[in-house]
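As recorded in Swiss-Prot:
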| type | residues | note |
| --- | --- | --- |
| SIGNAL | 1-18 | signal peptide |
| DISULFID | Cys26-Cys246 | disulfide bond |
| DISULFID | Cys103-Cys288 | disulfide bond |
| DISULFID | Cys143-Cys182 | disulfide bond |
| MOD_RES | Ser191 | phosphoserine |
| CARBOHYD | Asn209 | N-linked glycosylation site |
| CARBOHYD | Asn311 | N-linked glycosylation site |
| CARBOHYD | Asn330 | N-linked glycosylation site |
| CARBOHYD | Asn413 | N-linked glycosylation site |
Amino acid sequence: MAWLSFYLLNVLWAVAGTSTRAQRSCSVPPDQQPWVNGLQLLMENSVTESDLPNPSILIAMNLASTYNLEAQKLLTYQLMASDSADLTNGQLALTIMALTSSCRDPGSKVSILQKNMESWTPSNLGAESSSFYGPALAILALCQKNSEATLPIAVRFAKTLMMESSPFSVDTGAVATLALTCMYNRIPVGSQENYRDLFGQALKVIVDNISLRIKADGIIGDIYSTGLAMQALSVTPEQPTKEWDCEKTMYTILKEIKQGKFQNPMSIAQILPSLKGKTYLDVPQVTCGPDHEVPPTLTDYPTPVPTSISNITVIYTINNQLRGVDLLFNVTIEVSVKSGSVLLAVLEEAQRRNHMFKFETTMTSWGLIVSSINNIAENVKHKTYWEFLSGKTPLGEGVAYYIPFNYEHITANFTQY
């Protein structure tokens, strides 16, 4: 390629990467900004040397302009030292974007991810939508580094999405939208025009699917998937059939924040960019310098009003009816804990009172997950896991963050995905 063509190509890529954002975003009212500042501080102060480094948190910190420089440095160094062989494609993609947002060279991580994705194929048509989440993140990260080399992978991904009949989860659809929007904006000069048509068609299908999950109060899917969905709907070049009211969504999210719904650092990491008017497409444009905002003090932002101290009763059931598992059971216990206690306290009290409720946990980027109850453990090969429900509704938070109410019936159900 001639030097002039190469230069023009890169200029057009840069321009495309920063333009085409539709005016479908909204901002936090100034008088509500202290609540957002408080969330950001809570997320940043959760970073410790002993925890697994979470690239999603570093991305959110950098997009929002970090307050805690020490936490930023710690996460950056931890992610730079991470072994690519230990990471899934999705984790590797997030690590690349996190390091890029910290103005660090991801090094060989990019070529490793590129090689992994060149051999990517869906496990089978009709596979669960979650199997597209990691590849979508990978295409997003690779697109931001070299869209020309990513084009064949993205084309194969888009065609596969068009063949997929089952609806996507909001999270998967949102990340796929961000990935294909990046490719749509950065189609290399001289490429066939039908590539843009393909990405546009795939985006239309996905954003229409997301728009069908918009509830009357503006929440998209659930409150924890709304952050990624807001990013997707604010940048997609394809308008969804169902109109999205960004201000209504923002109003409801702020109301949920005031009620203390966002306490998990990972949940904050996914909503914070939208609260700051940013998306993952902004990662390459993050500037790094010595000037940073002065962090607000703890007295500068409000906190949710604590509940009164009293005991509540929680009805807790553990259930395993899966065929092929040796031990079948359905056992219920009533547990008394202090009002405002998290679900983990209920599990601990049930375990103390009855050995059948013995459980084990595993630490993930979303916090603790229950991996085993009554000696029945999750199994990736068999696609089994413990799902927690309130009545018949799956919980949107983990056991270390969900706060049950008086006489709520919580069920831990061993099931398959």
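The count begins at 1 with the first shown residue.
Glycine too: its Cβ is placed from the backbone N, Cα and C atoms.
As the structure is a computational prediction, the values presented were derived from the model and not from experiment.
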Largest tally of Cβ atoms lying within 10 Å of a Cβ, found at which of the disulfide-bonded residues Cys103, Cys246, Cys288: Cys246
Fewest other C-beta atoms within 10 angstroms, as judged across Cys26, Cys143, Cys182, which are the disulfide-bonded residues: Cys26
Coarse DSSP state, helix versus strand versus coil, of Cys288 (disulfide bond): coil
Asn209 (N-linked glycosylation site) CB neighbourhood, other CB atoms within 10 A: 19
Among Ser191, Asn311, Asn330, Asn413, which are recorded positions, the residue with the most C-beta atoms within 10 angstroms of its C-beta: Asn413
Spatial separation of Asn330 (N-linked glycosylation site) from Cys103 (disulfide bond) - C-alpha basis, Å: 52
Helix, strand or coil at Asn311 (N-linked glycosylation site) [DSSP, three-state]: strand
Minimum Cα separation from Asn209 (N-linked glycosylation site), reported as the residue among recorded positions Cys143, Cys288, Asn311, Asn330 that achieves it: Cys143
